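**Student:** One structure coming up, written as structure tokens, with questions to follow.
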Amino acid sequence: MTKPNHELSPALIVLMSIATGLAVASNYYAQPLLDTIARNFSLSASSAGFIVTAAQLGYAAGLLFLVPLGDMFERRRLIVSMTLLAAGGMLITASSQSLAMMILGTALTGLFSVVAQILVPLAATLASPDKRGKVVGTIMSGLLLGILLARTVAGLLANLGGWRTVFWVASVLMALMALALWRGLPQMKSETHLNYPQLLGSVFSMFISNKILRTRALLGCLTFANFSILWTSMAFLLAAPPFNYSDGVIGLFGLAGAAGALGARPAGGFADKGKSHHTTTFGLLLLLLSWLAIWFGHTSVLALIIGILVLDLTVQGVHITNQTVIYRIHPDARNRLTAGYMTSYFIGGAAGSLISASAWQHGGWAGVCLAGATIALVNLLVWWRGFHRQEAAN
């Protein structure tokens, strides 16, 4: 992939961060609205959870089958095309009259919103080596802020005009972002000689042959499962007694998560300095402890907010560290590395959504917290029992 004479200016970093956040946000507008959507379509909580799962499975499919195209085609054209297609998926969601149609719209939106994961390696390619971790951290902060603020925006818009308004507005914003990206991004032509089947095959071969990639992918999978377990069921908790909050108030809890995400930005800088194993160990410990505060959240809003802050801080910190580490493996194949890592990441998210909805259905908030804490403990043990020693040695 040729590198153009194009300075990665602060303005371009901001544009790419906003675009990344806006793209990935399209998968999460539904989360604070699940209770309202479930009542609209007469669904159970577990059935409504499939809406979020469909978006994440669509995203996982896009990561595997579309993101590698960033190593094959000119990136600006690819990014703009996928942004417009994601906007089209949200139009289907906004006009849906059945659960099946809504799942189709959210799955298509998820499939093409992986444009966010083509923007991240593009930023890493344009950045100088000594600032790569910092730039990746900034772009990834935009991504997680998009996930979290999506809930706040969705709740506020739903209060103003109903849940469909959320998706109409989001579709227009994505179309406008496509125009901004066309004007702002540099052209980058591919130099790979691989065809599409070979490109996909190389994703699997990299995953099989590189233990660091597999390790980081597993950590990401389990970490994002934790994230989804919390956020999928939280709308049900807050809409029920003793809280009885509206969609707008539920969405405001995304601000606490956004604050946690912003606090994780230095993780990329620590990884640049060779401290990735320390950041990972500390982050996974905090992730486990966060579930104690979250458990008390069934009676205390303050405890829930503290738990959200800590969980989102650690999820984002570990994620930034993971990506900074894997981008060092093959600098000329960052889109394929992203595909392998992020496919695992969002499979974890989809599994977490299903686990969360089922845990809420059968065990209430205590069941959700038990599921989250168990997966956090497994994640820590997997890392502690061997993986971190090898990476520290490397």
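Glycine residues also receive a Cβ, built from the backbone N, Cα and C atoms like all the rest.
Sharing the feature lines straight out of Swiss-Prot:
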- 10-30: transmembrane segment (TRANSMEM)
- 50-70: transmembrane segment (TRANSMEM)
- 79-99: transmembrane segment (TRANSMEM)
- 100-120: transmembrane segment (TRANSMEM)
- 138-158: transmembrane segment (TRANSMEM)
- 166-186: transmembrane segment (TRANSMEM)
- 218-238: transmembrane segment (TRANSMEM)
- 243-263: transmembrane segment (TRANSMEM)
- 291-311: transmembrane segment (TRANSMEM)
- 337-357: transmembrane segment (TRANSMEM)
- 364-384: transmembrane segment (TRANSMEM)
**Student:** For the transmembrane segment (337-357), find every same-chain residue at least 6 residues outside the stretch whose CB is under 8 Å from a CB in it, and list them.
**Tutor:** 45-46, 48-50, 52-53, 56-57, 59-60, 63-64, 67-68, 70, 114, 117-118, 120-121, 203-204, 206-207, 213, 216-218, 220-230, 232-233, 319, 322-323, 326-327, 329-330, 368, 371-372, 375
**Student:** Who are the chain neighbours of the transmembrane segment (10-30) in space, where the CB to CB distance is under 8 Å and they lie at least 6 residues beyond its ends?
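**Tutor:** 37, 51-52, 55-56, 58-59, 83, 86, 89-90, 106, 109-110, 113-116, 119-120, 122-123, 126, 135, 138-151, 153-154, 166-167, 170, 173-174, 177, 180-181, 184-185, 231.
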**Student:** Most CB pairs under 8 Å with the transmembrane segment (218-238): which of 50-70, 79-99, 138-158, 166-186, 364-384?
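**Tutor:** Ranked by Cβ pairs under 8 Å, first place goes to 364-384.
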**Student:** Which residues of the chain, 6 or more past the ends of the transmembrane segment (138-158), have a CB below 8 A from one of its CBs?
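**Tutor:** Tertiary neighbours of the transmembrane segment (138-158) are 13, 16-33, 36, 116, 119-120, 123, 165-166, 169, 231, 246-255, 257-258, 261-262, 264-265, 268, 312, 315-316, 319-320, 323.
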**Student:** Which bits of the chain, at least 6 residues beyond where the transmembrane segment (79-99) starts or stops, bring a Cβ under 8 A of a Cβ in it?
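**Tutor:** Contacts with the transmembrane segment (79-99): 19, 23, 26, 41, 43, 47, 50-51, 66, 105-115, 118-119, 122, 164, 166-168, 170-172, 174-175, 177-178, 181-182, 185.
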**Student:** Quick test of the contact rule: Cβ under 8 Å, at least six residues beyond the ends. What residues does that give for the transmembrane segment (100-120)?
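**Tutor:** Residues packing against the transmembrane segment (100-120) from afar: 16, 19-21, 23-24, 26-27, 30, 37, 41, 50-52, 54-59, 61-63, 66-67, 69-70, 75, 78-79, 82-83, 85-86, 88-94, 136, 139-140, 143, 146, 167, 323, 335, 338-339, 342.
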